[in-house]
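Engineer: Let me give you the structure first, and then I'll get to my questions.
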């Protein structure tokens, strides 16, 4: 079975609200798929239900051909890397970037950092341009740097399937550049990537397929859709800080593949 | 007789040796699990479990009086362990459900624990005075058997807390990510709750149920003032915990003070001093360094006094 993700007639209810219904979706090996949609359309919920973080109330989702709903224990978790929407910084206890990244080496069978894990963790931080911040406490890093730590934590697993939930929301320019470059590398290495995005922004040239959700249903599955009126004019200025069209040229320059850990 | 002779006299007493050793191992073990509790914002869990454990003590006493056990409180510690474990698992279940009523449920559990303990002890024919040793600690009456049990339980706590450090850190730091790695998050959460319950019962001897939480949390609060990694915070807290327990106890050999409370007051004094001194220590480093050297400046500003 070459489909890494296959979703059939998926339904998710949270409380009395139906968040997703009738979702059908397959993602094959090596695809880079953007999951788009307005706020509240169910993008994050879809990604979280794939990982079993939200209970599925109808239909099924399969990862690597294994049902998330009924065979959760059989899912090959080490092959999956996840970057949550807002990486939890944690509370009072300080933790270094490296300590957080090393938790990415764990899975259902492995509860300890394996031999050589530290070197892998450092390499993962290096790949997101944070090699020099390995021993910095997480709470002293900027939001964008924390986001990169979360990405390194997923990459250290050397996943075949990488799922990212709004990795570009509210991050600084170096993080956007790092991310665009990383994505190009991942693509060249044949890693399957699913990204929840509010808008394509600087990674637009790297995306071949977009799935658009609207009110909990798939409204589009294919190429990059045309922007809605009022969202794509040449002089359209986004009020949100996280979009940054004017930076696109810089980011393109930065898209040169580099090797991963 | 000078202080040194007095200290030697104290240290050569088997009873005081036992209490010192108990204070040392408990001081080492309690902050281990305290580190995870602070990380998960559950600093008061130890308190809640301590309250529930009191009901367990009274139940143990009741069983002892039914079975005519000698001494009367032979099952008190066992009762405390059972009640604390059940209480900790209940609190964990309420927490993981994330219900808004969780707060109230916890309050019910806390007050029910204390009140239940007092009622049951009177049913068992005891008085509140019998509970005092459990509420405020009873280091002075520790037997060799108690000491062995304390050491075994402390060893279990440290083996789990330090041995499974990365996994327990992962679930405490970012539970959602931990679940996405396939880690059995629920099992690990319950493991933390159970080990916290063991910590409460083992610390009961030293500082008493009402102050148990202080021994788990205050050393961690002190450590995090001066550390920058999770690992170092845990080990520093263990050292601080052991030091305040032993020093606090030694103080009470010379001054007639309650050991448990003295240890906690000492720990809080250390916290206050470290918190006050810290800005002086870190003034030299860090202040001048740019925290984000890779960020270019966004706008050009002229040097000081831009306004004419």
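Placement of Cβ uses the backbone N, Cα and C atoms for every residue, glycine included.
Heads up, TrEMBL stuff is auto-annotated, nobody curated it.
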Engineer: To which of the residue ranges B:259-283, B:284-308 does TrEMBL assign the term region 'Disordered'?
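Structural biologist: Checking TrEMBL against the ranges B:259-283, B:284-308, the region 'Disordered' one is B:284-308.
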Engineer: Under 8 Å, at least three CB pairs between the transmembrane segment (B:183-200) and the transmembrane segment (B:75-94) (pairs 6 or more apart)?
Structural biologist: yes
Engineer: Report yes or no: does the transmembrane segment (B:234-254) come within contact of the transmembrane segment (B:20-38), defined as 3 or more CB pairs under 8 Å with a sequence separation of 6 or more?
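Structural biologist: The transmembrane segment (B:20-38) and the transmembrane segment (B:234-254): touching, yes.
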Engineer: Taking the transmembrane segment (B:147-171) as reference, which of B:20-38, B:50-69, B:106-127, B:206-227 has the most Cβ pairs under 8 angstroms?
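Structural biologist: The stretch with the most contacts is B:20-38.
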Engineer: Quick test of the contact rule: Cβ under 8 Å, at least six residues beyond the ends. What residues does that give for the transmembrane segment (B:20-38)?
Structural biologist: 11, 45-46, 139, 142, 146-147, 150-151, 153-154, 157-158, 161-162, 168-169, 172, 192, 195-196, 199, 202-203, 205-206, 212, 215-217, 219-221, 223-224, 230, 233-234, 237-238, 240-246, 248-250, 259, 263
